[in-house]
Amino acid sequence: MGARASVLSGGKLDAWEKIRLRPGGKKKYRLKHLVWASRELERFALNPGLLETSDGCKQIIGQLQPAIRTGSEELRSLFNTVATLYCVHERIEVKDTKEALEKMEEEQNKSKNKKAQQAAADAGNNSQVSQNYPIVQNLQGQMVHQAISPRTLNAWVKVIEEKAFSPEVIPMFSALSEGATPQDLNTMLNTVGGHQAAMQMLKETINEEAAEWDRLHPVHAGPIAPGQMREPRGSDIAGTTSTLQEQIAWMTSNPPIPVGEIYKRWIILGLNKIVRMYSPVSILDIRQGPKEPFRDYVDRFYKTLRAEQASQEVKGWMTETLLVQNANPDCKTILKALGPQATLEEMMTACQGVGGPSHKARVLAEAMSQATNSAAAVMMQRGNFKGPRKTIKCFNCGKEGHIAKNCRAPRRKGCWKCGKEGHQLKDCTERQANFLGKIWPSHKGRPGNFLQSRPEPTAPPAESFGFGEEITPSQKQEQKDKELYPSTALKSLFGNDPLLQ
């Protein structure tokens with residue numbers, strides 16, 4: 001502890017112990033705070049010996065300050081302690097930690113102003129003119145043009161061959177053509193061998209923009225004053241009716257006319273149309289597959305979004321809405337739980353395992369568990385659920401645990417239902433009756449649940465007065481059946497039988 005507490009001594013230690021932790025608070029800094037700061041610096045892999053000097057404290061502050069906003073409370077406390085110690089080393093009188101932070105911020109602002117003034121002085125003393133490629137100043141002070149390098153042209157051709165006209169071609173063209181003249185831009189376009197249909201579309205866009213420029217910038221009537229340059233027309237900006245010297249003069253005049261930047265904007269506008277033609281997929285059609293990782297889906301989404309010709313506000317709305325809406329059900333459930341304010345990093349972290357083997361196994365297990373539970377519930381509701389099986393019973397001896405086929409007792413004679421001999425169980429007349437209350441088969445006639453007689457359709461009978469009528473055999477059978485089976489007619493079940501009326 002002695003080595004750690006030896007950071008301050010004498011008057012500095014007295015000044016340290018007079019500073020309050022909080023404005024208006026009672027607690028003040030003590031030696032234990034220096035010991036704690038030394039241990040924290042070791043934990044953050046910083047040298048605790050830096051606390052002994054003001055320069056060392058300044059180095060520690062420079063390391064800790066970028067992480068203050070996202071750091072923990074311990075990191076902020078360490079930063080406040082080192083800032084207060086810096087004021088003690090510099091013999092700046094402060095009353096509390098808040099005042100020490102304000103003093104330190106003032107010192108940092110003064111240091112920044114000094115550096116800015118020094119940089120401005122160095123720039124003023126430097127007599128060399130800035131070299132803005134491809135237009136540079138030679139030793140005689142003249143503005144000359146350096147032709148675009150073959151390496152740049154080779155990089156541009158390689159991008160077109162590999163990427164065709166995908167969305168990343170536009171920023172690549174913008175980077176390679178930085179500060180180029182219209183002649184340089186035409187050289188880059190002429191090196192494109194294939195894709196002549198796209199080049200023709202680009203020429204049409206350039207011609208349209210040149211005509212619009214001529215309409216908005218009409219030529220002034222009268223002769224041009226001596227020493228003045230003519231104003232560029234649309235064809236001059238496109239490099240078809242202007243020389244390289246005129247282009248350099250326009251770009252370096254006071255005030256300058258940036259013909260190269262204007263022509264570059266026209267080309268980028270045409271490239272946007274070509275990219276949209278070569279990327280026919282709409283952002284509305286980008287949907288995550290059921291087994292596609294969320295990272296691959298996000299890559300496809302933003303690649304298609306770059307090709308969309310829309311404002312930044314519209315693209316922001318597409319990102320907030322469609323990215324979640326077009327995700328698969330698993331990821332969509334997770335993303336909706338995160339809320340609308342979730343960052344892309346949080347989304348990708350939350351959906352990192354979706355679609356992998358472990359996630360598939362977990363989803364399959366949950367689905368099988370739900371299916372099993374639902375099937376069991378349906379069986380219980382329908383009454384199909386069978387409880388424990390009933391104990392079998394022997395028909396021969398009447399004991400449980402075996403059937404008559406395996407029974408060791410003497411075989412019982414006669415019917416197993418009524419016990420009488422002369423017939424078997426299947427022919428026993430003491431079995432359960434049918435729904436009309438009669439045993440079937442009967443010895444004669446139709447089954448009990450059928451009509452016992454069926455009238456045959458005949459012509460109407462002749463009038464009879466009952467003299468000498470003969471009773472036919474069929475009528476005798478009908479009367480006999482009525483006496484034997486009085487309850488088998490439909491009248492006994494459903495009221496009056498129309499066939500018997």
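Positions of Cβ are set from backbone N, Cα and C atoms, glycine also.
Listed features, source Swiss-Prot:
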type	residues	note
COMPBIAS	116-128	compositional bias 'Low complexity'
LIPID	GLY2	N-myristoyl glycine
MOD_RES	SER149	phosphoserine
MOD_RES	ARG389	asymmetric dimethylarginine
MOD_RES	ARG411	asymmetric dimethylarginine
REGION	7-31	region 'Interaction with Gp41'
REGION	8-43	region 'Interaction with host CALM1'
REGION	12-19	region 'Interaction with host AP3D1'
REGION	73-77	region 'Interaction with membrane phosphatidylinositol 4,5-bisphosphate'
REGION	102-129	region 'Disordered'
REGION	190-228	region 'Interaction with host PPIA/CYPA and NUP153'
REGION	218-226	region 'PPIA/CYPA-binding loop'
REGION	278-364	region 'Dimerization/Multimerization of capsid protein p24'
REGION	440-501	region 'Disordered'
MOTIF	16-22	motif 'Nuclear export signal'
MOTIF	26-32	motif 'Nuclear localization signal'
MOTIF	457-460	motif 'PTAP/PSAP motif'
ZN_FING	392-409	zinc finger
ZN_FING	413-430	zinc finger
Go through the chain and flag residues at least 6 beyond the ends of the region 'Interaction with host PPIA/CYPA and NUP153' (190-228) whose CB is under 8 A from any CB in it; none is fine as an answer.
153, 156-157, 160, 164-165, 234-235, 237-238, 262-263, 266-267, 269-271, 273-274, 277-278
Give the nonlocal contacts of the zinc finger (392-409) in its own chain as ranges (CB under 8 Å, at least six residues past its ends).
416
Determine, to the nearest whole angstrom, how far the Cα atom of ARG411 (asymmetric dimethylarginine) is from the Cα atom of SER149 (phosphoserine).
114
May I ask which residues of the same chain, at least 6 positions away in sequence, place their Cβ under 8 angstroms from the Cβ of SER149 (phosphoserine)?
none
For the motif 'Nuclear localization signal' (26-32), what are the same-chain contacts with Cβ under 8 Å, counting residues 6+ beyond its ends?
5, 13, 16-20, 81, 84
Have a look around ARG411 (asymmetric dimethylarginine) and count the other CB atoms within 10 A of its CB, chains all included.
8
